[in-house]
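Colleague: Pulled these features from TrEMBL for this protein:
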SIGNAL    1-25  signal peptide
DISULFID  Cys111-Cys143  disulfide bond
BINDING   Tyr115, Lys117, Tyr134, Asp141, Glu324  alpha-D-glucoside binding site
REGION    236-258  region 'Disordered'
COMPBIAS  368-383  compositional bias 'Basic and acidic residues'
REGION    368-414  region 'Disordered'
COMPBIAS  385-398  compositional bias 'Acidic residues'
COMPBIAS  399-414  compositional bias 'Basic and acidic residues'
Amino acid sequence: MAGTKMKLSLVGILIFLSMALFVAAEVFFEERFDDGWEERWVKSDWKKSENMSGEWNHTAGKWSGDPQDKGLQTTEDNMHYAISAEFPEFSNKDKTLVFQFSVKHEQKLNCGGGYMKLINDTINQQTFGAHTPYSIMFGPDICGDTNKRVHVILSRNGKNNKIKKEIPFINDQLTHVYTLVIRPDATYSVLTDNELKQSGSIYDDWDILPPKKIRDPDAKKPEDWDAKEFIPDVRDTKPEGYDDIPSEIPDPNAKKPEDWNVVEKGEWKVPMIPNPQYKGPWKPKKIKNPEYKGIWKAPMIDNPEFQDDPYIYVYPNLRYVGIELWQVRAGTLFDNILICDDPEYAKKVAEETWGEIKDAEKVAFEKTKKLKEEEENGEHGTLADDIDDDEPDHEEPDWEAKLREEDEGKHDEL
Ligand SMILES: *[C@@H]1O[C@H](CO)[C@@H](O)[C@H](O)[C@H]1NC(C)=O
Ligand SMILES: *[C@@H]1O[C@H](CO)[C@@H](O)[C@H](O)[C@H]1NC(C)=O
Ligand SMILES: *[C@@H]1O[C@H](CO)[C@@H](O)[C@H](O)[C@H]1NC(C)=O
């Protein structure tokens, strides 16, 4: 009897635990861009007066795994884009923060961003733009072949701190899911398509706080520190007659020209050439120094400037999610935005969205590509411009303009 009772309560505890595990996910914001999305998102008027504000298209794109599964796509080249949505304010203090979205660059991104921002406090969504301060910026950004990166920018006290590590990513024309996880122990992970691509500590991978340890600036190299790796071999001796070898010798092949005019040019002299036997002044051979101690480095000490901030990972009043981009060539499609506290839940969402459509999307993409090839063999059509063009179709990436823009705006504090 007692045994059965215990078993029952154990089962009860297990059921309770597993329920707790699955029910616990707190979702702060989720957007699949189904009907009604327009009531949740505010398109900014930023750059509108300069006619530089691009239009968004609510679409699944030119190829997709499910034509009904729509997202938001940039439509006009050489334009700025800014749009944002508000959610009930929250703090990630003592919580895991997960920021996830999917993005597809149908245009073969050559110069432009595919990132999103989390914003705190109160902003004017109507004027949201590159100048608007943000808390976290996350996602891919490309300009030319050399300027490719996945940004993870953590803002702190008005300073935008870039991640110091590289995050590999695939730059193709299919949908990929980007996930950023920030934990209360100040560690983070970046995943693409549910695969871990980078991880570490916020302390180490951003220069938000001064380093914990530094080299002692007052330490001095000991007088007797032997930093010479090689020394002359004292047992080596100069070979007999070494100094008698001349550095130059008369050219054995030179001949006095037949018509040499002694009156005009003086007596003919054999020209001198470098002596192949000559090896320069004698030096003893070098040998490894048995006293060598290596390159001296000051010892590490605690950095007096370092003041720990156990809340280095905390954003106390997150309230908006925004997309703010500049695109030389448009066609970037965002979808399935998720802000929550549970990486397992985010993983499940990624599997149920991107995971479900990725194979069909690939098929659709290959089909479009094939159509394009057929078109190219026949008459030239419009699709051809969008697929697999390695060359930009109208102009070189205007990355200088982009950098200028960044200098004037958001990136001036980096
Ligand atoms: C923007 O476009 C409108 C309509 O085409 C035009 O009247 C206006 O002058 C343009 N403004 C600028 C700053 O180019
Ligand atoms: C929106 O996307 C669909 C599908 O790619 C396309 O047919 C349509 O022309 C786009 N609309 C605009 C305004 O770009
Ligand atoms: C909101 O974020 C900005 C930019 O990171 C920062 O300067 C500001 O202090 C934050 N405000 C609050 C109330 O946390």
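Even glycines carry a Cβ here, placed using N, Cα and C.
Remember, it's a predicted structure, so these values are computed and weren't measured experimentally.
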Colleague: Do you know the DSSP helix, strand and coil residue counts for the region 'Disordered' (236-258)?
Modeller: 3 helix, 3 strand, 17 coil
Colleague: Between Tyr134 (alpha-D-glucoside binding site) and Cys143 (disulfide bond), how many Å separate their Cα atoms?
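Modeller: Just about 22 Å between their Cα atoms.
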Colleague: Quick one: pull the CA-CA distance for Tyr115 (alpha-D-glucoside binding site) versus Cys143 (disulfide bond), whole Å only.
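Modeller: Per the Cα atoms, Tyr115 (alpha-D-glucoside binding site) and Cys143 (disulfide bond) stand 13 Å apart.
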Colleague: Can you tell which of the binding-site residues Lys117, Asp141, Glu324 lies nearest to Cys111 (disulfide bond) in space, using Cα positions?
Modeller: Asp141
Colleague: Could you give the Cα-Cα distance between Glu324 (alpha-D-glucoside binding site) and Cys143 (disulfide bond), in whole Å?
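Modeller: About 16 Å separate the Cα atoms of these two residues.
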Colleague: Out of these binding-site residues, Tyr115, Tyr134, which one has the fewest other C-beta atoms within 10 Å of its own C-beta?
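Modeller: Candidates: the binding-site residues Tyr115, Tyr134. Fewest Cβ atoms within 10 Å: Tyr134.
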Colleague: Using a 10 Å cut-off on Cβ-Cβ distances across all protein chains shown, tell me which of the binding-site residues (Asp141, Glu324) has the largest neighbour count.
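Modeller: The most densely surrounded of these binding-site residues is Glu324.
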Colleague: List every residue in the same chain as Lys117 (alpha-D-glucoside binding site), at least 6 positions away in sequence, whose Cβ is under 8 Å from its Cβ.
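Modeller: Expected: Tyr134, Ser135, Ile136, Met137, Phe138, Val321, Gly322, Ile323, Glu324.
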Colleague: Across the record's alpha-D-glucoside-binding residues Tyr115, Lys117, Tyr134, Asp141, Glu324, the largest CA-CA distance in angstrom?
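Modeller: The widest Cα-Cα gap among those binding residues is 17 Å.
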